[in-house]
Amino acid sequence: MSASASVGGPVPQPPPGPAAALPPGSAARALHVELPSQQRRLRHLRNIAARNIVNRNGHQLLDTYFTLHLCSTEKIYKEFYRSEVIKNSLNPTWRSLDFGIMPDRLDTSVSCFVVKIWGGKENIYQLLIEWKVCLDGLKYLGQQIHARNQNEIIFGLNDGYYGAPFEHKGYSNAQKTILLQVDQNCVRNSYDVFSLLRLHRAQCAIKQTQVTVQKIGKEIEEKLRLTSTSNELKKKSECLQLKILVLQNELERQKKALGREVALLHKQQIALQDKGSAFSAEHLKLQLQKESLNELRKECTAKRELFLKTNAQLTIRCRQLLSELSYIYPIDLNEHKDYFVCGVKLPNSEDFQAKDDGSIAVALGYTAHLVSMISFFLQVPLRYPIIHKGSRSTIKDNINDKLTEKEREFPLYPKGGEKLQFDYGVYLLNKNIAQLRYQHGLGTPDLRQTLPNLKNFMEHGLMVRCDRHHTSSAIPVPKRQSSIFGGADVGFSGGIPSPDKGHRKRASSENERLQYKTPPPSYNSALAQPVTTVPSMGETERKITSLSSSLDTSLDFSKENKKKGEDLVGSLNGGHANVHPSQEQGEALSGHRATVNGTLLPSEQAGSASVQLPGEFHPVSEAELCCTVEQAEEIIGLEATGFASGDQLEAFNCIPVDSAVAVECDEQVLGEFEEFSRRIYALNENVSSFRRPRRSSDK
């Protein structure tokens, strides 16, 4: 459905009247001046907008576009302009008209034309509004678009927006402004008739010239079409002549370049001969340098081996110190899931009670010393330094910038009303434990569990058992040539001085004597393990496999050791008495020279009866004659200081290990053997640091 209207019409001339002039020098300027003689043309049109479109298609919004048509009195011609489509709008404003896409011969001087607005959905459009517009009859609306009527079309011209006077549709009888106020300084004379005629003649001459140009252009094109064949042949001939000339010039240039290349070739041949002579001389130098490099490589290999040996010795020493540290400060767990350090209970940080202040201070002192020594051995500086003072140990916080220098030290013992400082000190200690765990790839989900975290770190991070009831993993004992390590250890030069003989302190009281007469649990368990334990079939196979490792096969035992081992096997198989040590036997053992920290030496072990279960027979072979690492270290330490003879380890064939060692090559066997040698050398260097002195000993 469309709305059709005719806007504009003949406008009557205004009656003559005086023109009121604005006062001189006034700054007021009229943006729009309605002149009676002003004419509006199609070329003055800038854009078109529609407002309040009535939609009768049932859609809330429409897609719209407009078309422009020229018209006469009886006929509307085909569209000469189509706008873009605006989606979903009943008040579209199309962009400015582009006269560049309009036909070239379009007469833009017309003032009457037809505007059709189309609307619809999904590419189905129908005519909504159709206006026949006379631009001279439009009404000025202002500098902005204002529309109040339905289906109203707004035309944007140079000086503002115009619309149809809806109060006088069809034919406008409204008179234009007859009173015009202008500045007198702006009044100028218009063109006279003769000037307009000159402009008209100039336009006609320009059009005539354009027609002449088009005519001459067509004539030229016709002549070119007729002479195109001959021109093509001439063009080809000239191109060939030009190519011949270019090729001749190129031939001359290539000849000159060839002469230069030949001369350069002779120079390069001479230079190449000189380089060949220099290369021969440098090759001789290289051979000499290779020989020197081989010597340096051998020296580097020797230094690298020395470095690896020293580094391995340092690592073994560190592991030994950590093992000793775990023996000094054992962490135990009872049946009530309570953790003890050196027999002193230490609950978690949130379970402290006031009645346990003394034991808590002692346990925290042990724990702080253990953490600080672990960090010292591992060469890992603690984030929060620990000041060890026994049960009055403290810890410092040098990180928090809100604390003064006097407030940075926190106690690790309950101290009156300073509960907050004590709790914070325990928190810093737990942070240090978490730091050590993080260094070894262990997380700390709960900081409050002080001893559980520390025990887990030592067992899983450092691979060290934290209680006294364990035996260390063992390594095979090589054949010993002398009781003193002056020149018997493999991988070390002779002449190493043995440490000075020292005397151990006597027990200061009878209680200490009784205390040190009792052997350590780890040594008793280690002594009883190969005798009283009846392994299952799987364990027996595993032990046999471990004893048959490459370390055992790489050792060269003397016939004398084998003979003593067979005698010891016979003595062990010959007796069947159970071992029941009494108090008197314990005192005798503590006073006997052949006991080491509560552990019988091989000479006494041979006289003891092995314990076997009834109904089962387990033959003791030569490979089962073994001792723990602790026993071997004690025996070697006493031999190094001169407290024992050099044949105590001869009866042992090996030291048991936890699992078999997979051997890929002889280098691995030699490396493991050198590791054992380094360990024995470290023990020989400083015997006193490997075992705590027993006060029950007289020496």
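From the backbone N, Cα and C atoms, a Cβ is placed for every residue, glycine too.
Looking up the ranges 1-24, 73-96 in Swiss-Prot, the one annotated as region 'Disordered' turns out to be 1-24. For the annotation phosphothreonine, the record in Swiss-Prot points to Thr518 among the listed residues Thr444, Thr518. Looking up Ser230, Ser558, Ser689 in Swiss-Prot for phosphoserine, the annotated residue turns out to be Ser689.
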